[in-house]
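Features as listed in TrEMBL:
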DOMAIN    31-491  domain 'Major facilitator superfamily (MFS) profile'
TRANSMEM  34-56  transmembrane segment
TRANSMEM  68-88  transmembrane segment
TRANSMEM  100-117  transmembrane segment
TRANSMEM  129-149  transmembrane segment
TRANSMEM  170-187  transmembrane segment
TRANSMEM  207-225  transmembrane segment
TRANSMEM  261-280  transmembrane segment
TRANSMEM  300-320  transmembrane segment
TRANSMEM  332-351  transmembrane segment
TRANSMEM  467-487  transmembrane segment
Amino acid sequence: MSRLAESEESTPLLKGDADRDEDAYRSRWRSIRVMYFTMFLSSVGFTIVITSIWPFLERIDSSADASFLGWVVAAYSLGQMVASPLFGLWSNHRPCREPLVCSIFINVSANLYYAYVYLPPSERKYHMLMARAFVGFGAGNVAVVRSYVAGATSLKERTGAMANMSACQALGFILGPAMQAVLSLIGETGWHLDVMYLQLNMYTSPALLAAFFGVVNMLLVTLVLREHHVDDHGRQIRAINYVSEERVEVPSDDDGDIDQLAVVTSNVLFFVILFIFAVFETISTPLSMDMFAWTRKDAVLYNGVILACIGFESILVFLAVKVISQKIGDRLVLLGGLIVIFCGFFILLPWGNHYPKIQWADIHNSTTPQAMAPISNSTVEPTGCPAEQTWCLYTPAVHLAQYITSDVLIGVGYPACNVMSYTLYSKILGPKPQGVYMGWLTASGSCARTLGPVFVSHTYTLLGPRWAFSLICGMVLAAILLLAFTYRRLIAFSVRHGRIQE
């Protein structure tokens with residue numbers, strides 16, 4: 001009887017503890033899913049305008065050239081590079097909600113600025129540059145998102161959680177260009193809303209839609225997100241916004257030093273991965289317009305569809321990576337992804353005896369001086385490879401089959417490398433606060449996104465695709481060698497200190 005009484009007395013307490021654990025678990029994963037959605041919207045906010053930046057820039061400022069396009073695309077990443085360590089440091093000492101709401105507000109304001117970039121009477125290209133820089137500054141919250149997910153998952157959960165987050169990012173990568181492709185049906189003229197001084201067309205509507213998504217994101221972060229932090233075994237060790245007085249916090253198991261060589265190597269590899277993809281997404285529109293004689297509208301539509309397909313492919317890769325990494329390990333998946341990317345850029349090298357259509361032929365055949373004027377819906381738009389790019393006269397054309405094959409391979413290699421690089425990085429850091437470290441990782445990626453577009457726009461304009469893609473192949477090969485030399489150092493914090501078997 002005494003045992004039964006003890007059982008009856010203890011059961012409610014055990015049940016209460018179980019309920020609290022279950023509530024904490026559900027709250028933790030609700031918050032992680034908010035972070036998934038934040039990453040998704042960040043991806044949409046970037047890709048929804050990426051295929052239309054070049055034609056929009058040409059339309060609003062005739063003095064802009066392909067080299068300046070590189071700076072406009074890079075401005076986003078430059079802003080993100082500056083903001084990421086700052087937001088990461090903020091999140092280390094304060095609840096994540098604060099830097100997230102601040103960064104999303106900046107992002108919304110910058111997208112509205114972009115939508116009105118045609119209003120200034122002159123120097124519009126510099127206003128577009130500033131707008132994209134502020135959009136990128138707001139996107140510095142990616143460091144906070146990655147830090148939160150890394151800290152709120154156990155070592156066993158982390159690869160899956162990172163893959164899910166990358167899948168959400170890829171879904172945004174799909175829907176962004178797809179939305180731009182749909183919105184391109186509005187046309188370059190669109191509608192004029194005189195009350196708001198707004199031109200609603202295929203170029204401004206994506207930015208306005210991104211601003212709306214940002215408002216939704218702020219509401220979710222404010223109303224749903226709670227702070228959670230667990231150790232490598234999944235035990236709650238800190239909760240800033242979700243605290244129970246009855247909960248016994250497990251001491252943090254973060255004794256030991258971080259392998260700084262592994263940290264530096266991870267940042268270098270992440271830089272290379274983001275650099276080569278920034279090159280790919282920057283050059284896709286100019287390359288297709290030069291090689292396939294597509295008009296601005298066709299380039300936006302077709303590349304939007306292609307990028308959407310790559311995004312869908314990336315989701316399948318993320319799902320496969322979650323399974324494959326459990327069987328062969330994160331490092332081998334990263335190595336395989338780099339090899340596939342190398343093949344993708346190698347295939348893109350020009351070859352054969354077919355040369356691109358030269359744009360000057362269109363200009364010479366025109367009987368009106370309007371061929372040299374800014375393009376509108378009523379004029380004939382010159383197409384082909386501009387004669388000003390002298391390499392057009394002697395460099396073979398990139399075939400459409402090459403372009404599509406390269407897209408497919410890069411669509412396999414990049415997502416595998418992306419998710420494995422920061423999954424490995426979060427495991428190397430272990431249970432220590434990761435805000436600043438994730439800020440530096442994001443900053444290295446942002447630096448790559450800054451330098452990549454500038455590099456490829458100048459190299460492509462002056463020397464052509466053969467030199468540009470050859471140099472990229474050399475960079476990927478160097479990354480493969482670096483990974484091979486440091487392979488044994490890229491292991492989890494707990495494995496390195498003997499707390500968990502690899």
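In case you wondered, yes, glycine gets a Cβ from its N, Cα and C as well.
Please treat TrEMBL annotations as automatic predictions, because they have not gone through curation.
Between the transmembrane segment (300-320) and the transmembrane segment (68-88) there are fewer than 3 Cβ pairs closer than 8 Å, counting only pairs 6 or more residues apart in sequence, which means the two stretches are not in contact.
Contact between the transmembrane segment (129-149) and the transmembrane segment (34-56) is present: at least three CB pairs lie under 8 Å, with pairs separated by 6 or more positions in sequence. A Cβ distance under 8 Å defines the sequence-distant neighbours of the transmembrane segment (332-351), meaning residues of its chain 6+ beyond its ends; these are 269, 273, 276, 321, 324-325, 395-398, 402-403, 405-410, 412-417, 420-421, 424, 464-466, 469-470, 472-473, 476-477, 479-480, 483-484.
Across 68-88, 207-225, 261-280, 467-487, the stretch most heavily in contact with the transmembrane segment (34-56), judged by Cβ pairs under 8 Å, is 207-225. Packing against the transmembrane segment (207-225) from elsewhere in the chain are residues 30-31, 34-35, 37-38, 41, 44-45, 48-49, 96-97, 100-101, 104-105, 107-108, 111-112, 114-115, 138, 179, 183, 200, 241: each is 6 or more residues past its ends and has a CB under 8 Å from a CB in it.
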